[in-house]
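Novice: Structure incoming, see below.
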Amino acid sequence: DSEFPCPRKQQPAGNSECSYYCEMNGQWKLGKFQNGARCDYNAVKDGVCNEGLCYASGDSASNTQNQGGSRRQENEDQGDDEWDRK
């Protein structure tokens with residue numbers, strides 16, 4: 001998957017995101033957590049991850065109203081534990 005070149009992995013405990021960044025060959029790339037993981041859509045853990053994006057519970061992946069709030073930008077303040085290096 002060219003949009004998500006990092007390996008798919010399990011969502012860490014306490015994490016409510018659907019995607020993460022990893023370092024590949026000196027560049028930061030996007031990866032996704034497993035489908036079905038709980039995520040924050042509008043509130044705490046009220047959504048479900050599908051292919052790296054967070055959808056409202058009960059919505060399908062084809063829903064065009066996805067807020068896309070699960071993708072963090074690289075420059076957002078987050079601890080080193082959120083990043084994986086390859």
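Just so you know, glycine gets a Cβ as well, placed from its N, Cα and C.
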Novice: According to Swiss-Prot, which residue among Cys18, Cys22 is joined to Cys49 by a disulfide bond?
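Specialist: So the cysteine that Swiss-Prot bonds to Cys49 would be Cys18.
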Novice: Minimum Cβ neighbour count within 10 Å among the disulfide-bonded residues Cys22, Cys49: which residue?
Specialist: Cys22
Novice: Taking the Cα atoms as reference points, how far is Cys18 (disulfide bond) from Cys54 (disulfide bond) in Å?
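Specialist: Approximately 6 Å lies between the Cα of Cys18 (disulfide bond) and that of Cys54 (disulfide bond).
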